[in-house]
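Lifted from TrEMBL, the feature list:
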| type | residues | note |
| --- | --- | --- |
| TRANSMEM | 21-45 | transmembrane segment |
| TRANSMEM | 51-69 | transmembrane segment |
| TRANSMEM | 90-110 | transmembrane segment |
| TRANSMEM | 122-143 | transmembrane segment |
| DOMAIN | 122-216 | domain 'CAAX prenyl protease 2/Lysostaphin resistance protein A-like' |
| TRANSMEM | 155-174 | transmembrane segment |
| TRANSMEM | 180-201 | transmembrane segment |
| TRANSMEM | 213-231 | transmembrane segment |
| TRANSMEM | 251-275 | transmembrane segment |
Amino acid sequence: MTDPSAPKPALWLRLLRFPPLRLLLLGGVLFVMLVMSNDAMLVFAGQPLRAAAAAAGMGVLGFAFYAGFVRFLEGRAVSELALPPLGRELSIGLAIGAGLYTACVLILMVPGVYRIEGLNPWGFLLPAIAMAISSAIFEELLFRGALFRIVEEMLGSWIALLVSSFVFGFMHLLNPAATMLGALFISIEAGLLLGAAYVLTRRLWLSMGFHMAWNYTQSAIFSGIVSGGVTDPGLIRPRIDGPVALTGGSFGLEASLVAFLFCTATGVVLLLMAIRRGHMRPPPWRRSS
């Protein structure tokens, strides 16, 4: 309960705490940091360990900025980055992400759409580390930690899930080989799954683990195209041949019906678990006083 005798925050602080402005500030800085992290990886192209170290360093700065913003501007504990559940939830996310992508590939091997022609040296597992770290940290801080959370505060969980999913998906149109269908598929399959992972735990570790493992498994192990982007070859040398509905075309497997069905089904399961636990929040006008 608010103490009526407590002094009101200064006008400038109240303005900065206004949700749309808060979203603009937090999201804007995180987006700039994401771009800077990607630029750092380009600087160290061909030096995968240095690129990974740069991505990890930028990630630490991203966590520090986010935590400082929430703690000092919003005036609350940073519960979505609580440390005690980190190991368990991150590990579960990593297992789900790697397992789902591997399952998609195994399904595509049955009709011969995905064929293994050979293996590259083990060093081919290294280049994707930086990309997996950067995308998992900054995209989850931006789209779930900032966009979903603050829109939810203003309009409730369902609208936040819709908005964050479609902004997340259509941001991938910035990738060089992106397609409209691929962006739409990511909006639904990944937007739902990652948003539901956040709502279920009310923390970012599960979604970060999934995001990191999915991208890494896709690129470093199975040599898949990641969301229409430029991807280095991974450990497996594949031959991928078949209808676009199964291969995803230039966008990669994320635009295939197999990934769409697997990821959307997983997202629905997580969302139903979140609903059962009472984690979905109504819009302000429907909340009890």
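In case you wondered, yes, glycine gets a Cβ from its N, Cα and C as well.
Across 51-69, 90-110, 155-174, 251-275, the stretch most heavily in contact with the transmembrane segment (180-201), judged by Cβ pairs under 8 Å, is 251-275. Here the transmembrane segment (21-45) does not touch the transmembrane segment (90-110). Their Cβ atoms form fewer than 3 pairs under 8 Å, with each pair 6 or more residues apart. For the transmembrane segment (155-174), the residues of the chain that approach it from at least six positions outside its boundaries are 139, 143-144, 147-149, 180, 182-188, 190-192, 194-196, 199, 227-228, 279-284, 286, judged by C-beta separation under 8 angstroms. Remark: secondary structure over the domain 'CAAX prenyl protease 2/Lysostaphin resistance protein A-like' (122-216) totals 84 helix, 0 strand, 11 coil, with classes taken from DSSP. Within its own chain, the transmembrane segment (122-143) has Cβ neighbours under 8 Å at 27, 30-31, 33-34, 37-38, 41, 44, 48-49, 51-52, 54-56, 58-59, 62-63, 66, 164, 167-168, 194, 198, 204, 207-209, 211-213, 215-216, 219-221, 226, 231-235, counting only residues six or more beyond its boundaries. In summary, the transmembrane segment (90-110) does not lie against the transmembrane segment (51-69): fewer than three C-beta pairs, each 6 or more positions apart in sequence, are under 8 Å.
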